[in-house]
Structure formats: structure tokens, C-alpha cells
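Below you'll find the structure, written out as C-alpha cells, and then a few comments.
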Amino acid sequence: MQKVHRIVLVDVIDPHEHKDEAIKNLQELKSLVATYHGIDIVDVIQHRTRPDKATFIGSGKVEELVEIVTQKQIDIVVVNAIVNPSVLFNLTEKLWNFNPDIQVWDRIDLILNIFDKHAQTLEAKLQIEIARMQHMGPRIYGLGGTLFSRQGGGIGTKGLGETNIELMKRHWRDQIKKKRDQLEKISRQHLFQLERRKENNIPGISIVGYTNAGKTSLFNLLTRKHKVVENALFVTLDSVTGKLYLPSLKKEVTISDTIGFIKDLPSSLINSFKSTLMESVSADLLLHVIDISDPKIDEKIEVVEQILRELKVNAQKIIFVFNKIDAFKGDGEKILKEIKNKYSHFSPQFISVTLDYGTKKLKAEIEKSLSSFA
Ligand SMILES: Nc1nc2c(ncn2[C@@H]2O[C@H](COP(=O)(O)OP(=O)(O)OP(=O)(O)O)[C@@H](O)[C@H]2O)c(=O)[nH]1
Ligand SMILES: [Mg+2]
């Protein structure tokens, strides 16, 4: 049976952040962690302060962490931030004596480990491996540096440690390059397919959005496919393309579903996923799926839009697809009106994939947007 990891979450809250915000953020972190499966959140340390340069949390909190790790047999510490590798190394070093196998992850490690579990295709796997190697590298040199300098403690042997670190770095760089070359080959095939589509004047639609918004559900409905849908984050990691027939255009268009976005997704990670995100970058039309029942709806829309800007998507048109309208509570009329006004540039559509509500109108809007291809 798979071992269940016992973890402690460490969150540092900005002193200016509202309490409700902090609770919501922690909730998202918890769902992210729950997605990993085989993990038991044993404890949470939340601390309202500025992050400490050396250890992220202050020395008093480090002592508390040591105590929790020892008493509750913790094997993974997750720091809810993107931190300098030296911070992760410093924390690991402080916890080593109490659990020699302790792992300290930051947000990137957590996301990469989740990605790793869900990745299906070689392309997605390679992208994750490269991102992981880049992210882990400095920590490994750090560890190596400490070990080597411990080994070569005497006068005159200092150079040995340095040479070894250099060798390690070179080996690491070579390994990354090999993976990159492999990925490059796959990306080229991908690009070739996209170019062929353009030559044949076949429009491409791409479904994008925050993780868990219902992208795959919509993809399945439109293409009659049966991809896995789950109430969890990052269920989809690989880009999959299906077909949708549009009667007014008298042609089939391609439609692709891909990885969801999340806030604080570091740009290095977005960059590593460029190969799978290629469909979205070159799509003629983007369907931005939004969970209308989500209390953090505006923030999530902005996160997605920001990432799309970073990716420099070419789409002439983006349609905002507000999904899960069946689960929406509150003054419906008023809020729908507000949304319609606020996002009028994005032809807002209101649908429920579960009830197959609003999809006819959505298809009509898609046809309108792609009418130049007729
Ligand atoms: N109430 C309600 N739930 C929905 C609707 N559409 C999808 N869901 C649920 O939302 C959850 C996420 O659906 P997915 O289609 O996997 O979402 P996704 O955006 O592809 O998620 P990731 O691939 O993990 O980023 C699932 O539990 C779905 O059953 C809807 O119209 N109404
Ligand atoms: Mg999905």
C-alpha cells in the first residue's frame, strides 16, 4: 500500500491581508494539497508577518515547526510561497536532526509533484521533468556544497569541493539539455500539425480557464468525448484536441482542452508548459471558462487573463463562458447584469454543463466569432 505522507502547511500572511482572504487562500492551498492524494494535513502554521530572509518563518516559529515535525512524525513541510532555494535548504538543515528524511517543499514543488502524478503524455512528463530539474538544481548544489565542505574540512582540500560542485552543475546542465532536445522534437511535430491546420483554413478553438472551472466538462459536451472530470485541481495536464462540427460554417473545427491555471503559478512553470499550451497560444478563438459559483470569481478571471497575456496568445477573440450557473446562489438577475456590463467585450455566455443549459447559445456565439472562416 502507498505510504500516506504526513505533512504540515506553513503559510506566512501579509500583515495587511484581511483575515477572510487569508482563510480563503489557505482553503485553496488545502484543496491543492488534497489533489495530491496520499497526503494527510496534520497541522497548519499560519503566521502574520513579513517572510524571513533565511528561513521564511521567524526563529520562534522554526522552533514550533521542529516540535511539530518531531512530535507528529511529519515527513513533508509545505511552504505556501515561492521561495529562494537557500530558504528551503536552510529549513531542511534545521529539521534534519529530527527527521533525516524530511522534505521541505515550496509552492512550485507542490504543483510539480501534483503535475507529475497526473501527467499522461511524454510531452507533459518531459516538461515537468525539466521544470523540476531547474527548480531543484540550486538546492542540490547547496546540499552538495555543504557535504563537500564538511568532507574536505582540512587546509588545502577546499578546492576539491568546488571542483565537485562544478562537475555536478555541468552534469545537471547536460541532463537538462538532453530533455530539452527531446521535448523540442515533440514540439516541432506539434507545430507542424498546427501549421497544417492553418494551411487548410481550419479554425482552432481552445478552452482555457482556472483549474476546476469545468473546462474538460465543456470539452466533453462539445466533442462527445469522455475525458476524466473530477472535483479536484489539475486533473487535466495534457493538451487534447477534439472536433466540433459547425453547421453555419459547414466545417469541422478543432477544439482543445488543456491544463488549468492557478494563482501564483510562477512564470518559469508557465514557460515550461509552452509546448502543451501551444494550441491555446495559436488558437483563433479562446473559450475562457469561469466558475460563476466561485466567491473569488473576479480574482480568478484576472489570474487567467494575466497568464494569457504572458503567453502572448494570438486569439482574435475571447468568449467568457460562465459555467456552473446551476450552482450559483444570490441575487441572480442583478449579478448577471453586472457581469454582462463588466465583461461586455468578451461576449459573456452563461451555461451549465451539468444541465446542458445555454450551450446552444454558446455554439451560436462560436459560429458568429468564426464566421470569417466560412
Ligand atoms: N454544479 C456544476 N458543476 C460542474 C459543472 N460543470 C462541471 N462541474 C464540476 O466541476 C468539477 C471540475 O470539472 P472539470 O471539467 O474536471 O474541470 P476542469 O476545469 O477541467 O479542471 P482541471 O482539469 O482540474 O483544471 C467537476 O466536479 C465537475 O463535475 C456545472 O455546470 N455545474
Ligand atoms: Mg480538466
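The count begins at 1 with the first shown residue.
For all residues, glycine too, the Cβ spot is worked out from N, Cα and C.
Per TrEMBL, the features are as follows:
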DOMAIN    203-326  domain 'Hflx-type G'
BINDING   209-216, 234-238, 257-260, 323-326, 352-354  GTP binding site
BINDING   THR216, THR236  Mg(2+) binding site
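The local packing around GLY209 (GTP binding site), expressed as other Cβ atoms within 10 Å of its Cβ over all shown chains, amounts to 26.
Among the binding-site residues ASN212, VAL235, THR236, ASP238, ILE259, the residues whose Cβ lies under 6 Å from any atom of ligand 1 are, in sequence order, ASN212, VAL235, THR236. Fewest other C-beta atoms within 10 angstroms, among the binding-site residues LYS215, LYS324, are seen around LYS324.
Across the fold, the C-alpha of ASN212 (GTP binding site) and the C-alpha of THR236 (Mg(2+) binding site) stand 9 Å from each other.
If you take the Cα of ASP238 (GTP binding site) and the Cα of THR216 (Mg(2+) binding site), they are about 11 angstrom apart, rounded to a whole number. SER352 (GTP binding site) and THR216 (Mg(2+) binding site) are 13 Å apart (CA-CA, integer value). The domain 'Hflx-type G' (203-326): residue composition by secondary structure is 37 helix, 36 strand, 51 coil, according to DSSP.
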